[in-house]
Ligand code: PEP
């Protein structure tokens, strides 16, 4: 059985006080569940967040990291630094990173290598823009993001990879892929992995859906066979909404 996961991406939101208040609320409200629950606060709040969730089943993860081991990369954060404070998972390739910070499949492939070298798990984001979807190119775009970012990996590395399919047109817009659209592309993603690595590997990869998941649509989306949970943006900033989404899985 592959893992069910609900991950909250806080992006550049919540100062220290707000982060700790939200965590404290979550600790009271997050149900005991078989699903893994992750939250990704901003870098500066990772240390207190890791401390605050100790002993709970909430995992604190990073939103990004650099591909280099260390060195002259002003403003950047390395895998080793994250590991040293107890962060064992990072999101990579979020569409905002790809769009605003020029992250490419090639630079992401390097980041994936560095993360895995440091025994970190990766939540790797993929997803097409609206123009791609309108031109019926979404399968090509998503397929090449997977191939270019991840197909250099050996089969055994896939146990450390979680995929997050996030159509860019659905992120923060209130637009959501329909459950059937999500299932269609999640199935395509799993088949793409199976064609390269075999069904045994593909069936174990958790594929999350992200893009305006809310308390009132989560259940329908999560019910789809190839949807193994969600990467949640806006709704992860409100404890009650995030908890309702977790309960939907
Ligand atoms: C995200 O940015 O990963 C995301 C899914 O955002 P939202 O839920 O706000 O659309």
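Using N, Cα and C of the backbone, Cβ positions are placed for all residues, glycine too.
TrEMBL labels come from automatic prediction, so no person has curated them.
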* Asked: The substrate site in TrEMBL includes 9, 10, 11, 172, 233, 234. Which of 206, 212, 248 is also listed there?
  -> 212
* Structure fact -> Here the binding-site residues are 172, 233, 234; the one whose Cβ sees the most other Cβ atoms within 10 Å is 233
* Sorted by sequence, non-9, 10, 11, 172, 212, 233, 234 residues with Cβ within 8 Å of centre, substrate -> 171, 232, 235, 236, 237
